[in-house]
Amino acid sequence: MLLAKTPCLLLVQVIAAGISFALTSLQDQCETLQHNSNFTGLACNASIDMIGTCWPSTAAGQMVARPCPEYFHGVQYNTTGNVYRECHLNGSWAGRGDYAQCQEILKQEKKTKVHYHIAIVINFLGHSISLCALLVAFILFLRLRSIRCLRNIIHWNLITAFILRNVTWFVMQLTLSHEAHDSNVVWCRLVTIAHNYFYVTNFFWMFGEGCYLHTAIVLTYSTDKLRKWMFICIGWCIPFPIIVAWAIGKLYYDNEKCWFGKKAGVYTDFIYQGPVILVLLINFIFLFNIVRILMTKLRASTTSETIQYRKAVKATLVLLPLLGITYMLFFVTPGEDEISRIVFIYFNSFLQSFQGFFVSVFYCFLNSEVRSAVRKRWHRWQDKHSIRARVARAMSIPTSPTRISFHSIKQSSAI
């Protein structure tokens with residue numbers, strides 16, 4: 001039995017010796033800190049706690065912060081957090097340090113994954129709600145021919161651009177698997193091209209909205225002289241060569257991962273991001289001039305056209321910062337701390353996915369012309385069906401009283 005226990009005892013002794021050597025080494029380091037510190041009053045001596053954190057000599061009444069341990073019992077921890085321990089007024093350490101900020105890296109990754117999964121749900125929910133609202137708005141502009149003026153045609157095209165962008169977003173999410181993403185097949189690159197094209201058209205149609213309002217209000221130029229083809233060129237045609245140039249750049253300099261994302265040191269995405277930033281800045285200038293004119297010259301005016309312009313400006317003032325802020329989020333890197341990353345994930349997911357919903361609300365559902373036309377259609381439908389109901393009731397009257405009265409008339413005439 002003694003012979004059987006001897007190897008085990010030797011192993012235990014070796015491990016104990018190793019731990020003792022490590023603790024002695026750490027203790028020596030802490031004692032070195034003790035000798036290097038100069039305190040005249042009461043102070044806590046340098047010491048090592050049970051976890052292995054070295055606490056330097058500290059003046060009484062002070063709180064000490066030390067980095068979290070990198071490893072403990074084979075588990076890796078995030079060293080960006082701190083451990084806190086108080087040196088009491090009597091020169092003795094608190095019983096144990098506060099390790100609340102020291103979190104396992106795997107545990108943090110699990111938390112981040114949970115938040116990413118929630119963000120994916122928000123994205124799908126937001127894009128679904130946006131797509132439904134945009135389709136309703138599209139049908140309203142399609143059916144209500146009485147309100148089909150240039151201003152509403154621009155709204156209609158903006159809504160169409162958002163519909164196509166949402167559709168291509170769903171196509172990307174449902175078809176671009178990890179295998180397709182890594183293999184960089186042709187069809188997945190075409191899907192990315194389509195999504196980026198419709199993404200750019202959103203901003204150029206917003207630019208068309210700004211051009212129309214700036215021309216009508218600031219330049220006092222008759223909108224009757226503006227032509228639909230001008231805005232079609234701005235919204236649909238100009239983004240096309242921009243995306244073609246971007247695709248050529250991707251093909252030669254960053255031809256991987258379905259052209260989604262970017263390689264470090266390669267800036268081909270700025271081929272389409274640059275024009276988008278430019279039209280956003282121009283739109284901000286347009287809106288500044290429009291608001292200035294409205295506040296100075298049109299404040300006392302109550303004409304119906306001026307009221308429509310004011311409402312359009314309000315909608316654009318709300319939507320343009322919304323679109324601009326969400327786009328600029330791509331250039332913002334969240335901080336290293338967990339809270340800033342979580343806030344960034346949720347904020348970005350919400351604004352990106354609900355853009356189409358906000359566009360349909362401000363440019364269609366809150367549009368007084370659309371609401372008036374829908375109300376007229378509804379009243380016309382009610383009147384039409386009420387007439388049909390009256391005719392149906394008249395046709396359903398029994399004929400027996402008519403025959404009786406006719407027989408009585410015949411008898412009276414015979415008498």
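From the backbone N, Cα and C atoms, a Cβ is placed for every residue, glycine too.
Per Swiss-Prot, the feature disulfide bond maps to CYS30-CYS54 (among others).
Annotation note: CYS44 (disulfide bond) sits in a strand segment as assigned by DSSP. Just so you know, the Cβ of CYS44 (disulfide bond) picks up 25 other Cβ atoms within 10 Å once every protein chain is counted. The disulfide bond feature in Swiss-Prot is assigned to CYS44-CYS87 (among others).
What Swiss-Prot lists as disulfide bond is CYS68-CYS102 (among others), and the listing cites similarity to another entry. Cβ neighbours within 10 Å of CYS68 (disulfide bond), excluding its own Cβ and spanning all shown chains: 18.
All protein chains considered, the CB of CYS258 (disulfide bond) has 23 other CB atoms within 10 Å. Taken from Swiss-Prot, the feature disulfide bond applies to CYS188-CYS258 (among others).
Sequence annotations record features per position, and here Swiss-Prot assigns N-linked glycosylation site to ASN38 (among others) based on sequence analysis.
As annotated by Swiss-Prot, N-linked glycosylation site applies to ASN45 (among others), with the evidence given as sequence analysis. Neighbour count (other Cβ atoms within 10 Å of the Cβ, all protein chains): 17 for ASN45 (N-linked glycosylation site).
Feature annotation from Swiss-Prot assigns N-linked glycosylation site to ASN78 (among others); the stated evidence is sequence analysis.
Annotated N-linked glycosylation site per Swiss-Prot: ASN90 (among others), in sequence order. The local packing around ASN90 (N-linked glycosylation site), expressed as other Cβ atoms within 10 Å of its Cβ over all shown chains, amounts to 9.
What Swiss-Prot records for 1-24 is signal peptide.
Marked as topological domain 'Extracellular' by Swiss-Prot on the basis of similarity to another entry: 25-111 (among others).
Nonlocal intrachain contacts for the topological domain 'Cytoplasmic' (143-149), taken as residues 6+ away from its ends with a CB within less than 8 angstroms of a stretch CB, comprise 369-370, 373-374, 376-377. Among the features that Swiss-Prot reports, topological domain 'Cytoplasmic' is placed at 143-149 (among others), with the record citing similarity to another entry.
Among the features that Swiss-Prot reports, topological domain 'Extracellular' is placed at 175-189 (among others). Here the topological domain 'Extracellular' (175-189) returns a mean pLDDT of 81 for the predicted model.
Within its own chain, the topological domain 'Cytoplasmic' (219-225) has Cβ neighbours under 8 Å at 150-151, 212, counting only residues six or more beyond its boundaries. According to Swiss-Prot, the feature topological domain 'Cytoplasmic' maps to 219-225 (among others), an assignment based on similarity to another entry.
Long-range Cβ contacts of the topological domain 'Extracellular' (254-269) within its own chain (Cβ-Cβ under 8 Å, at least 6 residues beyond either end) map to 172, 176, 180-182, 184-185, 188-189, 191-193, 246-247. According to Swiss-Prot, the topological domain 'Extracellular' annotation covers 254-269 (among others).
According to Swiss-Prot, the feature topological domain 'Cytoplasmic' maps to 296-306 (among others), an assignment based on similarity to another entry.
According to Swiss-Prot, the topological domain 'Extracellular' annotation covers 332-338 (among others).
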Query: Do any residues of this chain, six or more beyond the ends of the transmembrane segment (226-253), have a C-beta under 8 angstroms from a C-beta of it, and if so which?
result: 150, 153-154, 157-158, 161, 189, 193, 196-197, 200-201, 204-205, 207-208, 211-212, 215, 259, 263, 266, 268-269, 271-272, 275
- prompt: Hey, which bits of the same chain come close to the transmembrane segment (112-142), Cβ under 8 Å, at least six residues off its ends?
  reply: 148, 152, 155-156, 159-160, 162-163, 166-167, 169-170, 173, 338, 341-342, 345-346, 349-350, 352-357, 359-361, 363-365, 370, 374
- request: Could you say whether, by DSSP, ASN90 (N-linked glycosylation site) belongs to a helix, a strand or a coil region?
  value: coil
Message: Summarise the topological domain 'Extracellular' (175-189) as counts of helix, strand and coil residues per DSSP.
response: 11 helix, 0 strand, 4 coil
Disulfide-bonded residues compared (CYS54, CYS87, CYS102, CYS188) - the one with the fewest other Cβ atoms within 10 Å: CYS54
Query: Checking the recorded positions ASN90, CYS102, CYS188, which are within 10 Å of CYS44 (disulfide bond) at the Cα level?
result: ASN90
